[in-house]
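**Q** Take this structure first; my questions come after.
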Amino acid sequence: MAQLIDGKAISQQIKDELKAEVEALKNDGTDICLAVIQVGDDPASSVYVRNKKRACAYIGVESRAYELPEDTTEEQLVELVKELNADDTVNGILVQLPLPAQIDEDKIIRTISADKDVDGFHPESVGKLWIGEKGFLSCTPAGVIQLLKRSGIEIAGKECVIIGRSNIVGKPMAALLLRENGTVTIAHSRTKNLADVTRRADILIVAIGKERFITSDYVKEGAVVIDVGMHRDAENHLCGDVDFADVEPVASAITPVPGGVGPMTIAMLMNNCVETVRS
Ligand SMILES: Nc1nc(=O)c2c([nH]1)NC[C@@H]1CN(c3ccc(C(=O)N[C@@H](CCC(=O)O)C(=O)O)cc3)C=[N+]21
């Protein structure tokens, strides 16, 4: 039986720590405000945005919601972001992704002021991460590190294999595991003999975006398996990139979906909101 890594419980613990920190900041006269911008009304995005607002309310951060129509132009969104950059009452700015096709996501990410970049997507945040300077960390990979640390799983010296090379998960995940002294491999869609690579992993991080793709054939006995995927299967159940029932018996520890990495992403977003005012 693998140890179940409980992202719901660990994210709750982090949110409680942040709630206490925010209360102390409030007593010193410091308030925190997160601006959340959603363009269009994609139902999945609406669920995530609602969860973020709820987390803000829980820890005592004000959330200011901006709901823009699907046909918003890039210029209009740039204008709003610039206004929020200049607004001293706004500490963090989150633009929910994906954006409609007429808007260039990179342009918007670069427009957000680097000191309000609570998603950690701005090139300045990414650069700081890779050179080991303090800055905003991408929330999902930062959440994975917290899951490992708070579950007592040592990273230093371990073979860490990440499947996926996106800017928001795979690449920052590699930087963070490296910073924790892991030996890091990034596998991706062009990797040859994927199972040979993933079976080397002591810690396997899966972010490929294919429903239940990783079976026990890809996993070394006793490995730690972290599932970053999120899908709705044919029966409308949430599931990950890992075939949980097949992999759980060979793993030493594993995250479920839901209740694994997802809630940690929101907890780390809250941490970044608090980070905007830490001295
Ligand atoms: N600018 C931006 N920043 C993001 O951080 C961002 C984004 N855009 N766009 C979409 C993705 C996705 N994302 C998730 C957050 C929480 C859960 C989460 O809490 N999942 C729950 C289940 C939620 C449910 O019931 O659907 C769980 O895994 O247990 C999942 C996914 C943040 N994202």
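Any Cβ shown, glycine's included, is placed from N, Cα and C.
On a predicted model such as this, the values are computed, not experimentally measured, just so you know.
Pasting the relevant annotations from TrEMBL:
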DOMAIN    5-119  domain 'Tetrahydrofolate dehydrogenase/cyclohydrolase catalytic'
DOMAIN    138-277  domain 'Tetrahydrofolate dehydrogenase/cyclohydrolase NAD(P)-binding'
BINDING   G164, R165, S166  NADP(+) binding site
**Q** Who sits close to R165 (NADP(+) binding site): which same-chain residues at least 6 apart have their Cβ under 8 Å from its Cβ?
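**A** The answer is K171, I186, H188.
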**Q** Suppose we draw a 10 Å sphere around the Cβ of G164 (NADP(+) binding site). How many other Cβ atoms does it contain, all chains included?
**A** 22
**Q** Only counting partners 6 or more residues apart, tell me which same-chain residues put their Cβ under 8 Å from the Cβ of S166 (NADP(+) binding site).
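**A** Looking at Cβ-Cβ distances below 8 Å from S166 (NADP(+) binding site), excluding near sequence neighbours, one finds A207.
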**Q** Under a three-state reduction of DSSP output, how is R165 (NADP(+) binding site) classified: helix, strand, or coil?
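**A** The residue in question, R165 (NADP(+) binding site), is coil (DSSP, three-state).
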